[in-house]
Structure formats: C-alpha cells, structure tokens
Amino acid sequence: MAQNDFLPEPLPASPLPLFAQWFSDARARATQPNPDAMVLATVGPNLAPSARVVLCKRVEDQAGYIVFFTNYQSRKGRELTEHSRAAAVMHWDVLQRQVRIEGTVVRSPAEESDAYFASRAVLSRVGAWASDQSQPLGSRAELATKVEAAARRFGVAPNAQDGQVPRPPHWGGFRLWIESIELWVEAPGRVHDRAVWNRSISRSGEYTFSAGDWKSTRLNP
C-alpha cells in the first residue's frame with residue numbers, strides 16, 4: 001500500500017467527505033457483490049445486543065447521516081424504536097478500508113421512504129407486504145402463498161417488471177445520525193492506520209439534528 005493511501009496528515013476537520021469518497025469508491029469499483037453492505041448493531045429491551053447486515057443506501061456527508069431501509073416491525077425496527085442508539089460497520093476487504101459508526105437513529109420522512117420503495121423491484125415491494133419479518137413461519141411454502149396473495153391484492157405478477165405496489169406503513173427508512181466515526185486503513189504487519197472523530201448532536205427537528213464541531217484523534221492499531 002502506498003503512503004498516500006493512508007489517512008491524511010493532518011487529519012481533516014470533518015471525516016465525512018472522506019467517508020463519502022470511500023463509499024463512492026467501493027460502489028464504483030464493485031469489488032464485492034454488495035459494497036453498500038454494513039453490519040448494523042442494535043440493543044433490545046434487556047440490553048442484549050443484536051447485529052445483522054443491511055444495505056446503506058445513501059451517505060449524506062453534508063448533513064451527517066446515513067440511510068437504510070427495513071421493516072419497522074422487524075426485530076431491528078422494534079429495537080431502534082425502543083432504543084434509538086445504533087452502531088454500524090462497513091468493511092471493504094479489497095480496498096483495505098473499514099468504517100465504524102455510532103450515533104442516534106430517527107425514522108426517515110415518509111417521502112424519502114416512498115421514493116426509495118418505488119425504485120425497488122416489484123417482487124421486493126410485494127415481499128414487503130407478504131413478510132411479517134422476524135416472526136415465526138411454518139414453512140417456505142407458507143411464505144410463497146403469502147407472496148402470491150399479496151401479488152393478487154395489487155394485481156401484479158411477482159416477476160413483473162412494473163406495477164403499482166404502494167409502500168406498506170410498517171416499512172421505511174431510518175437515518176443514522178453520526179456522532180462517532182472511525183476510519184481504518186489496512187497496513188502491512190497489522191500496523192494499521194486508524195483515527196476517530198467525535199461530535200455532539202442535539203435534536204433540531206423531527207428528522208434532523210444540529211451538530212457541534214468534530215474532534216479527531218489518531219489511534220494505535
């Protein structure tokens with residue numbers, strides 16, 4: 001790895017433009033099937049952590065949040081509604097980069113969720129109606145029957161290329177407002193390059209936060 005692949009010196013005042021560039025690089029170079037995949041960690045009512053992979057659909061480096069979508073009635077949806085703190089990790093092996101994020105989550109505005117839902121494949125939209133995500137299921141055949149029923153409800157074929165399937169009220173986006181972010185670059189001998197940025201945020205609207213200045217710290221690998 002070349003020296004200019006490491007984190008800048010001095011560290012930038014804001015890490016978000018660099019994070020956005022890394023995210024853009026990963027998607028543009030398509031080094032893995034889902035370069036927008038991230039591990040999302042939440043906490044349940046008994047404070048037990050849980051984690052799963054979701055897709056980061058957008059990085060808003062100016063405002064300071066990332067966006068992902070899910071079923072609000074799923075385990076993660078319920079946990080985020082109850083405890084709005086979350087953490088996320090993105091790792092791009094080929095690019096030798098990793099991002100760790102911690103922050104506060106709020107639901108996306110309805111229009112943001114509507115716009116993304118409308119861009120999904122018909123089968124994905126039908127599936128959002130058919131699946132009671134995270135709930136017990138008797139068999140795969142039962143799920144197939146539910147998908148077929150949802151498709152009939154909206155008058156579309158599951159394999160159709162186009163069709164009108166509205167967004168269900170239990171499905172939509174979350175915005176993870178970044179309070180802490182660590183950028184990591186792999187280096188030989190595990191002498192990796194790491195730095196963390198922290199800031200405080202305060203609620204300024206239903207979907208928005210105001211933020212203080214970033215404070216950066218280099219970390220030992």
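Note that Cβ sites are derived from N, Cα and C of the backbone, with glycine treated the same way.
Given the structure is predicted, the values throughout are model-derived calculations rather than measurements.
Per TrEMBL, the features are as follows:
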DOMAIN    28-149  domain 'Pyridoxamine 5'-phosphate oxidase N-terminal'
BINDING   52-57, 69-70, 75-76, Gln98, 133-134, Trp184, Arg194  FMN binding site
BINDING   Lys57, Tyr116, Arg120, Ser124, Arg190, Val191, His192  substrate binding site
DOMAIN    171-221  domain 'Pyridoxine 5'-phosphate oxidase dimerisation C-terminal'
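What TrEMBL annotates, mapped onto the structure for a quick look.
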{"residue": "Arg52", "record": "FMN binding site", "Cβ contacts under 8 Å, 6 or more apart": "Val39, Leu40, Lys76"}
{"residue": "Val54", "record": "FMN binding site", "Cβ contacts under 8 Å, 6 or more apart": "Ala37, Met38, Leu40, Phe68, Phe69, Thr70, Lys76"}
{"residue": "Cys56", "record": "FMN binding site", "Cβ contacts under 8 Å, 6 or more apart": "Phe23, Asp36, Ala37, Met38, Ile66, Val67, Phe68, Ala88, Met90"}
{"residue": "Gln98", "record": "FMN binding site", "Cβ contacts under 8 Å, 6 or more apart": "Val89, Met90, His91, Trp92, Glu182, Leu183, Trp184, Glu186"}
{"residue": "Tyr116", "record": "substrate binding site", "Cβ contacts under 8 Å, 6 or more apart": "Lys57, Phe69, Gly173"}
{"residue": "Ser124", "record": "substrate binding site", "Cβ contacts under 8 Å, 6 or more apart": "none"}
{"residue": "Ser134", "record": "FMN binding site", "Cβ contacts under 8 Å, 6 or more apart": "Asn71, Gln73, Ser74, Arg75"}
{"residue": "Val191", "record": "substrate binding site", "Cβ contacts under 8 Å, 6 or more apart": "Pro221"}
{"residue": "Arg194", "record": "FMN binding site", "Cβ contacts under 8 Å, 6 or more apart": "Leu7, Glu182, Leu183, Trp184, Val185, Arg218, Leu219, Asn220, Pro221"}
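For the domain 'Pyridoxamine 5'-phosphate oxidase N-terminal' (28-149), DSSP puts the residue distribution at 39 helix, 43 strand, 40 coil.
Across the range of the domain 'Pyridoxine 5'-phosphate oxidase dimerisation C-terminal' (171-221), the DSSP-based residue counts are 3 helix, 32 strand, 16 coil. When pLDDT values are averaged over the domain 'Pyridoxamine 5'-phosphate oxidase N-terminal' (28-149), the model yields 96. The Cβ of His192 (substrate binding site) lies under 8 Å from the Cβ of Trp184, Val185, Glu186, Pro221, each on the same chain and at least six residues away in sequence. The least crowded of the binding-site residues Lys57, Arg75, Arg120, Arg190, judged by other CB atoms within 10 A of its own CB, is Arg190.
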